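Asker: Structure in structure tokens, see below.
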Amino acid sequence: MQPIEGIVFDLYGTLYDVHSVVQACESAYPGQGEAISRLWRQKQLEYTWLSSLMGRYASFEQRTEEALRYTCKHLGLATDETTLRQLGQAYLHLAPHPDTTAALRRLKASGLPMAIASNGSHHSIEQVVSHSDMGWAFDHLISVETVKVFKPDNRVYSLAEQTMAIPRDRLLFVSSNSWDATGARHFGFPVCWVNRQGAVFDELGATPTREVRDLGEMSDWLLD
């Protein structure tokens, strides 16, 4: 691996816990919070992938709302616009993983430039980062909105490389999502896969450069 000159992080699942919406889901639908969160995330991802395959880009907020509508229908839950809006807002207030802040502070102190490259819209990324007071960490917030296609399309990874102005073989991509790590690896990034759940990496002809359990371990590997 070439010396690393910058880091690009995925946002949803990597830096922030997408299932921190469980509490909001549970408040709206008692006893269903966990089920809603799991299926909602699954359909959200499926809808972004299908959007790219069909060439029908729409904002992350729209696909997230559509995934929530599906989830509620699938689970037989009555919906109204107020509830849908409130749950959608929960995605703008995601909690960072417990290891995120300390790892980012350590990496920031090293002087490495850092960015987020996310399927979220500019608005979504900015809201999540600002609500958690993490703006200090990042030099760039990169949204697929610029190229109007979702990860793992190569155009998104190319946008990250162009924005950071660092050759791809010196730009570390960090994601907890195996499909995202696979796409980034095929593009040519060295990839650190944050395997929080002890999962199996996808069998799509790529392997991560490094596998870690959390961002603390990632920063140890990169800086020690």
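Glycine too: its Cβ is placed from the backbone N, Cα and C atoms.
Checked Swiss-Prot, it gives:
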- ASP10: active site, nucleophile (ACT_SITE)
- LEU11, TYR12, ARG41, SER118, ASN119: (S)-2-haloacid binding site (BINDING)
- 175-180: region 'Important for catalytic activity' (REGION)
- THR14: site 'Important for catalytic activity' (SITE)
- LYS151: site 'Important for catalytic activity' (SITE)
- TYR157: site 'Important for catalytic activity' (SITE)
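Would you situate these features in the structure and describe their surroundings?
Answerer: Counting every protein chain shown, 22 other Cβ atoms lie within 10 Å of the Cβ of ASP10 (active site, nucleophile).
Residues within less than 8 Å, Cβ to Cβ, of TYR12 ((S)-2-haloacid binding site) and separated from it by at least 6 positions along the same chain comprise VAL18, LEU94, SER118, ASN119, GLY120, ASN177.
Beyond the region 'Important for catalytic activity' (175-180), the same-chain residues lying 6 or more positions past its ends with a Cβ under 8 Å from any Cβ of the stretch are 9-10, 12-14, 45, 151-152, 191-196, 199-202.
THR14 (site 'Important for catalytic activity') has a Cβ environment of 26 other Cβ atoms inside 10 Å.
Listed in sequence order, ASP10, THR48, ALA117, ASN119, VAL144, TYR157, ASP180, GLY183 are the same-chain residues six or more apart from LYS151 (site 'Important for catalytic activity') with CB atoms under 8 A from its CB. A coil conformation is recorded for LYS151 (site 'Important for catalytic activity') in the three-state DSSP classification, outside any helix or strand.
In the three-state DSSP scheme, TYR157 (site 'Important for catalytic activity') falls into the helix class.
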Asker: Could you tell me the C-alpha distance between ARG41 ((S)-2-haloacid binding site) and THR14 (site 'Important for catalytic activity') in angstrom, no decimals?
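Answerer: Each residue's Cα considered, ARG41 ((S)-2-haloacid binding site) and THR14 (site 'Important for catalytic activity') end up 14 Å apart.
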Asker: Counting across all protein chains present, how many other Cβ atoms fall within 10 Å of the Cβ of ASN119 ((S)-2-haloacid binding site)?
Answerer: 28
Asker: Kindly state the mean pLDDT of the region 'Important for catalytic activity' (175-180) in the predicted structure.
Answerer: 98
Asker: Of the residues named as (S)-2-haloacid binders, LEU11, TYR12, ARG41, SER118, ASN119, how far apart in Å are the Cα atoms of the most distant pair?
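Answerer: Roughly 15 Å, rounded to the nearest whole number.
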Asker: Near LEU11 ((S)-2-haloacid binding site), how many other Cβ atoms are within 10 Å of its Cβ?
Answerer: 22
